[in-house]
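> According to TrEMBL, the protein carries these features:
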DOMAIN    8-122  domain 'Response regulatory'
MOD_RES   Asp57  4-aspartylphosphate
DOMAIN    134-199  domain 'HTH luxR-type'
Amino acid sequence: MNASRESVVHVVDDDASMRSALTRLLCISGYDTKEYASAGEFLVSEPDGRPGCVLLDLELGGPSGLDLQRALRRQAPDLPVVFMSGYGDVSRSVEAMKAGAVDFLIKPFERDALMHAVETAISLVQRKPPSSCADDVQSALSGREQVVLQGIAKGLRNKQIAAELGLCERTVKTCRAEIMRKFRATSLAELLRHTEKQTSGVTAQMS
């Protein structure tokens, strides 16, 4: 095994004991880990920047693992996903794999199966060149700012974005102002023009 502290595994599971058990196994194998109890918690976290993957439970409370996978295809298309599930749901496992998941592990799974899936996922991202569609401004946005920007691009109001992300409206307003500042946009229309460029870049990358 050639695991390295230069890699990080993002463990997303609403079961605290499962998160702890997975973190112990991964740390023993040489991986840094970060734990998240929900899809929303992961989406508003600060970008890590290191090569890594997401170890994602399918049956999360609130937005599901599949919902998070769809969001990641827009927000972080180069971040590989390994799904976990306590149920052998064939239709959803097929949906996950078609959407680009690296592997689908059925709980309880063996340590070797976990390590193989994680190693495969991280090797994919280490071989992949950096995404060419992301510019300096987009990269400078925090995870929370990126998901707020996605809500703005969909035409949602501050109150709707706050409800969708589980944030207070004041926090969304602060994020919105910071996004405007970073893009040097003087109006919503100008900000949306920047957003359209980012969206078209991601769409071209996925097609």
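Each residue, glycine too, has its Cβ placed from N, Cα and C.
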> Are there any residues in the same chain, six or more apart in sequence, whose C-beta is under 8 angstroms from the C-beta of the residue listed as '4-aspartylphosphate', and if so which?
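For the residue listed as '4-aspartylphosphate', the qualifying residues are Val12, Asp13, Asp14, Asp15, Met18, Gly65, Phe83, Met84, Ser85.
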> Within the domain 'HTH luxR-type' (134-199) only, compute the mean pLDDT.
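Residues in the domain 'HTH luxR-type' (134-199) carry a mean pLDDT of 79 in this prediction.
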> Of the residues in the domain 'Response regulatory' (8-122), how many are helix, strand and coil by DSSP?
50 helix, 25 strand, 40 coil
